[in-house]
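OK, TrEMBL features for this one:
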type   : residues : note
DOMAIN : 1-67     : domain 'Ig-like'
DOMAIN : 79-172   : domain 'Fibronectin type-III'
DOMAIN : 178-268  : domain 'Fibronectin type-III'
DOMAIN : 269-366  : domain 'Fibronectin type-III'
DOMAIN : 372-472  : domain 'Fibronectin type-III'
DOMAIN : 471-556  : domain 'Ig-like'
DOMAIN : 567-662  : domain 'Fibronectin type-III'
DOMAIN : 664-757  : domain 'Fibronectin type-III'
DOMAIN : 745-854  : domain 'Ig-like'
DOMAIN : 859-953  : domain 'Fibronectin type-III'
Amino acid sequence: MSGQWEEGKPRPAVQWLKDSLPLKESDQVRFKTTENKATLMIKNVKKENEGKYTLSLDNKINRKSFHIFVVTLGPPSKPVGPIRLDEVRADNIMISWDEPNDNGGGDITCYIVEKRDTSQSNWKMASSHVEGTQFRVPNLIKGVQYQFRVCAENRYGVSEPLISQMVIAKHQFRPPGPPGKPVVYNVTNDGMTIQWEKPIYDGGTPIQGYHVEKKEKNSIMWQKVNTVLIKEMDYRILELIEGLEYTFRVYAQNDAGFSRMILLVSLYPPGQPDYIDVTSDSSITLSWTPPTSDGGNPIQHYILEKREKKTVRFYKVITKKPIIECAHKVLNLSEDMEYEFRVMAVNDAGVGPPSNISLPIKAAEPKDIPCAPSVVCVSDSTNTSISLEWTKPVDDGGMEIIGYIIEMVKGEGTEWKRVNEELVSETNYVVKGLQTGAEYKFRVAAVNHIGRGEDKEIPEPAQAVDRLTPPQVDIDATFKQTHIVKAGSSICLGIHFRGKPIPSATWVKEEGELSGMSEITTIDGYSSLSIENCSRYDTGKYTVNLENSSGSKAVTFVVKVMDTPGPPEAVAFKEVSRGSVTLVWKPPVNDGGARIHHYIVERREASRRTWQQSGGKCTQGILKIQDLLEGVPYFFRVSAENHHGLGEAFELTEPVIATAEPSSPKRLDIIDTTDNSVLLGWLKPEHDGGSRIQGYLIEARPKGGDKWVVVGNTKNLTFAVEKLNKGDEYDFRVKAKNEAGYSLPKKTLAPVLVKEPHIEPAADLSEIPNQLITCRSGSTFTIDVPISGRPAPKVSWKLEEMRLKNSDRVTIKVTKDRASISVKEAMRGDGGKYYLTLENVTGTKTFTVEVNVTGRPSPPSGPIEISSISSESCIVNWQPPEDDGGTDITNYIVEKRESGSTAWQLINSSVKRTSLHVGHLTKYMQYTFRVSAENRFGVSKPTESETIVAEHPFCKCYPQVFSFFEIMWFYTTLIHISNLTIITTL
């Protein structure tokens, strides 16, 4: 590239720029400049050399720029990923991808798709000429794990490959569920027709058809009946042998395989129905015998059919519940009409053949009183009432039940008393006015127009007490815990509950609060939460908490609203330079229930209202926006889009100017003031203009003044402006500086008064639990307390009433915000209350910390008293130590020493009291005792007693005559024992 000019004086300075940034020479890039020509040469051109080149000529009189756009031709960049697995099947997989961000200067002609079995290293060609960005990879092996890669191709070459994740070739759906229970009909001597219901679960893909197999009884071999796939849900089986029993099975088929098989086992018909009761309310009670064979599967229930006499077609008898007994009462018959009946048995394999037809039965019979109710039970109770429920009599006596009579007897009584004055028409009743805690028996009888029927008594006595039950939830077939709705729709979350006392119901949302469009309704054991006009913000988990005095229960619902995405998060400028900005952001917290396809970035000039899209559809969280006008402020906003549409935008509240200078610093704050200084602090600029921030310029001016004066430069985010006049007010401002120059200034919001603030002193003792420090004797303890106050307070320490200063053992330290005192080689006397006094012009405050120096106790208090001395024992008494060492005395240690010996003998090392009975002494032996006190830190020094002789106290004696040999023996013994001189007086 070269530029040539005809004139220009003085000779202009030449500068080359690429994408508005200065270009530097290197081994690849060379500059050449002559008198009227400037040349830029680039060797071994690469893709990154593409862009806008600018030749700038500047001779200080004028400055001109000339732009040259260079396009580098070459292979495209690799396709934009990830590779999506749109449809996975056992023999093929549909994949898709996005076009490359860079087409290499030429149109994409095609894509190359390759596949690889992950157990092998070599890639195989799937297709070398795919025109779109989607391709179905064929000829895959079921159950094998594959990986795919895609390359883009233009006329200049092939791109780097984009590689997919690993995927196993298998169906995304499953085999279907089993067909419904088969039913046999149209049985002839050589064939029959079986019919079944469609499976409840199709496996996620349509049912293709059905298969039927048969097996003769006592055979183990199954034979396929159908030669082609059965499309209908019934099939006629022919060529059966008359008199043989057969078992059939049916199974469904879809793309994923075959369902579980459902068996149909041949059944014998039940016995012929016969009537056992005919009533006047147009009903007949029938009975029959079960089949002689259940077909190898238990009988589930029976199907009863009826027809009027002399008619051909049978009709099924409609029942509320399946008939499981071999008897049934047929209702709603025409009185005086004759009917015929037949019955069929049903098991898991299907419906058996019908029984023989009954004889004609006429619906008419004489009237009678009703029988007793089938069941009578207690359903609830309180301190003063009991609730009863019962079932209607099986036989109403041929006439309508007009009501019921309830009777009761208290405790062990025998006289039944009627409870209800008028007949009860319902099958439940609450007996009130009962004695709390008393037991009662109840019985119920039905009444028709003939009279009162038989009684039915409750199984056991009932007590009139409150029944407390924790909350319970009633769930039916319509209950759903997960609800998926579209935006703008309404939703109702409901729950049926019970408990006693009646539980309270509260609704909460797991993350956040319930929306203003929600409405909670709780009445008669049912609570619901309704939300109108749902939006993405209604997505989440909702919990209903049921609670009473007996317990609690919680049920959680999940709501997912399909909506457009929420606003992207953390939108900010990564880079701002002359003519361009780079925006970054994070995905929305709420994606609207669908994958984010791309983002839309828009801009508008601050002086305009219309928004203009910048760049294309961006799939990443970053976009560089170019060709912005220098010096023009722009607003930007970013929106996410999913398949529901474009979501809510995140708009930056402050405009940005695409300039090479940095933006102004953020948040200029006054950190501190003194009588002659101000400490300023600020945050980094929103953007650095494309080059590193070199430092900050701080300026000041007196309040009301016009001239700003530079007071300092710094690379930090704080600066102390000193040598100010006390009592004056100043304005301050800060500018950021980079290679291109200074930013716009950031100014203080109001003038700052230069004055030391007056704050009363304070100390924070929260770091010292209970304001108590415990220390072992001989170790070092430290009291370190955070302090505050303006001006800085004067600090002094006292122990009780003694003022403390620095010494060999005591160290006092004071900083701006902490005061501490340390004492080395602590003694018991160093314990007590330490007073910290803080004083400044605002006043004086004193704070207290207690120190407990623990150690061994002092010796027990003497003297040690010896009492009750005898020739074998004595009692040793002493007083507790004056100093217990800061903790309780755990025990005393008592020792003895015989005269003539230096060794002490242990008597007892765990004495709890201050006295001890000492036994096993030797008569006439001299003893000395000593006692030591012990706590958990050690044993004290001992306290010794005076010496005593183990002998009986002196008493009144009478003369006694001893022989010479007795006197010599006594004399010798005393010398041996005490080594003393004995004077014997006879």
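Each residue's number is its place along the chain shown, starting with 1.
Note that Cβ sites are derived from N, Cα and C of the backbone, with glycine treated the same way.
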Could you name the stretch, out of 178-268, 567-662, 859-953, with the greatest number of CB pairs under 8 A to the domain 'Ig-like' (1-67)?
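That would be 567-662.
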What is the pLDDT of the domain 'Fibronectin type-III' (269-366) when averaged and given as a whole number?
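Computed over the domain 'Fibronectin type-III' (269-366), the mean pLDDT is 79 on the 0 to 100 scale.
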Taking helix as H, G and I and strand as E and B in DSSP, count the residues of the domain 'Fibronectin type-III' (567-662) in helix, strand and coil.
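Helix, strand and coil residues of the domain 'Fibronectin type-III' (567-662) number 0 helix, 51 strand, 45 coil.
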For the domain 'Fibronectin type-III' (372-472), what does DSSP give as the number of helix, strand and coil residues?
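Output for the domain 'Fibronectin type-III' (372-472) reads 0 helix, 49 strand, 52 coil.
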Where DSSP helix means H, G or I and strand means E or B, what are the helix, strand and coil counts for the domain 'Fibronectin type-III' (664-757)?
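Its residues divide into 0 helix, 48 strand, 46 coil.
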Is it possible to list how many residues within the domain 'Fibronectin type-III' (859-953) are helical, extended or coil according to DSSP?
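Counting residues per DSSP class in the domain 'Fibronectin type-III' (859-953), I get 0 helix, 51 strand, 44 coil.
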Over the span of the domain 'Fibronectin type-III' (79-172), count residues by DSSP class, listing helix, strand and coil in order.
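Taking each residue of the domain 'Fibronectin type-III' (79-172) in turn, the totals are 0 helix, 50 strand, 44 coil.
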Helix, strand, coil: count each for the residues of the domain 'Ig-like' (1-67), based on DSSP.
3 helix, 35 strand, 29 coil
